[in-house]
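Taken from TrEMBL, the feature transmembrane segment covers 157-178, 190-214, 281-304, 324-348, 368-386, 398-416, 422-443, 464-487, 507-528.
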Amino acid sequence: MPPWDIFFEFRSCQSSPVKLSRTLWVPSTKVIKGYPHAASLYLASILFLLPQPGDGELRDLAGEAMPDLFKGDNFLSKGKTRLSVCSKLCYAFGGAPYQITGSALGFFLQIYLLDVAQLDPFYASIILFVGRAWDGITDPTVGFLVSRSRWTSIGRMMPWILLSTPFAVLTYFLIWYVPPFEEGKVVWYLIFYCLFQSMQTCFHVPYSALTMFISNDQKERDSATAYRMMVEVLGTVLGTAIQGQIVGGASNCPDETEHENITNSSRVNITRASLDETKNAYLMASGVICVIYVACAVILFLGVKEQKESGRKKSEPLTFRKSLWVIMTHGPYVKLVIGFLFTSLAFMLLEGNFALFITYALGHRKHFQNILLVIMLSGSLTIPWWHWFLTRFGKKKAVYFGISWAVPFMILIVSIKSNLVVSYLVSVAAGASVAAAFLLPWSMLPDVVDDFKINNPDIHGHEALFYSFYVFFIKFASGVSLGISTLSLKFAGYVTGDCVQPEAVSLTLKVLVSPVPVFLIAVGLLILKTYPIDEERRQGNRKLMQQMLDSEADSESSELGSCV
């Protein structure tokens, strides 16, 4: 069959006609090649909207050659966007870098600054507070910039993720390097800690907002979030395992069995040789984590397609102040953020001081990295169970049951005499609550965003701000708590570089990992009790959102028909 020379005009209501020309070959395999997307879309319209004699073979050709235009969820379809397991896994891998680096920094940065970099607790508290506070400030700033970013050929979120990755990797590695000078150590760690937090924010805020752009189906987003939480908890396991196992064998301080023979007047200091080994171990661990960071970013980019919102009228961009006002006056969002602010603070306070608590209060110096690993493994294994629980009984019930589960074990660990077996058993049980603390906030934030969209249908493109402001409050408050907790160790008499600390340090650590977190959890759960989006309202919002999507698809089809 000879080639058909097809000349047609692609008409749009917004632009002048564009003349397109392609030669359409019709071999027995019936495959069309060479059509640009605009021409293919117009071809679809003339085949389906303007029937012509003898166009059946062309329609078959188009349906076979361009299934993405005629099947599933696309520009011409009103259906929901379903995600493959592969896409969900690739999306989930994008959350691993934040958790791997976060767990390494959360569990080990404090003890690293005190015992390896050998900074005074006062300066260590300044670094931790300023770094977290700076990290919190950058979140809404980046969120605002992301919300005003233009759409590119790879999406609106992906450019931020790709460009920030190499700088994040470099600054993270330099955090774990001990400079060969004493005078500028504090400035060194302060600069690179803040720079890393900035680059990490440029990665994580767009990635968090990407949840709203991988599918328009709430169930698919919840499912993808469950995959993400599973990988993120595995990421914390990996970060804890890499950092802990590599660094854990580099110390020659005595274990609890030798503490009885050590008096305050004969404390054992870390030798110069073992200190150098520890420094090298931290560098090796950071190098491994950097490689994993880059690999996860590549998997995310190659495996996830960011979907552009279509059919919605563009709203005027809001100023930063107006955006803040609009978001912070949405009641469900405010209650959710404040409630999880307190519960997250409890777990962050526990995370930041737990390595020191195991080492100096319980005396399990040789086992602290393994105990941390058990907590993270237990958490990762219970993520699927929590996902089933929240889908079966609702998210609010999952919050109450999951987060309060840790309270009795926090009390138990400081109430009994130090026992290694009991410590491991408590770690297994507490890990389940850690999993709930990971999953639930990120599973409930999309519900708040949907509720906001329903109540504010004319405001679009501010999804990143919801996530960034949430992270801002969490990080800023955690910076305050970690700074105060590290400073309290100074007042308790913490001695940098010593393998045995005064009894006041042990008592302070017990307070920081039990009574204070229990109080914060209680306050947070009381606030979350007033959170108004229950299962009935959530299901109602889901139906309304689908109606909005169907309406937009109908108007889109009508507009296409009028253009033709």
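Glycine is no exception: its Cβ is also placed from the backbone N, Cα and C atoms.
Nobody curates TrEMBL annotations by hand; they come from automatic prediction.
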Top Cβ-contact partner of the transmembrane segment (324-348) among 190-214, 398-416, 507-528 (pairs under 8 Å): 507-528
Other parts of the chain folded back onto the transmembrane segment (464-487), taken as Cβ under 8 Å at six or more residues beyond its ends: 110, 121-122, 124-126, 128-133, 135-137, 139-144, 146-147, 157, 201, 204-206, 208-209, 323-324, 327-328, 333, 336-338, 340-341, 344-345, 348-349, 352-353, 441, 445, 448-449, 452, 512
Annotated stretches the transmembrane segment (398-416) and the transmembrane segment (157-178) touching (3 or more Cβ pairs under 8 Å): no
Contact call for the transmembrane segment (157-178) against the transmembrane segment (422-443), three or more Cβ pairs under 8 Å: no
Close approaches to the transmembrane segment (190-214) from elsewhere in its chain (Cβ under 8 angstroms; 6 or more beyond its ends): 81, 83, 87, 91, 94-95, 97-98, 101, 126-127, 130-132, 134-135, 138-139, 142-143, 146, 155-158, 160-161, 163-165, 167-168, 171-172, 174-175, 220-221, 224-225, 228, 297, 300, 304, 306-309, 442, 445-446, 449, 463-464, 466-468, 471
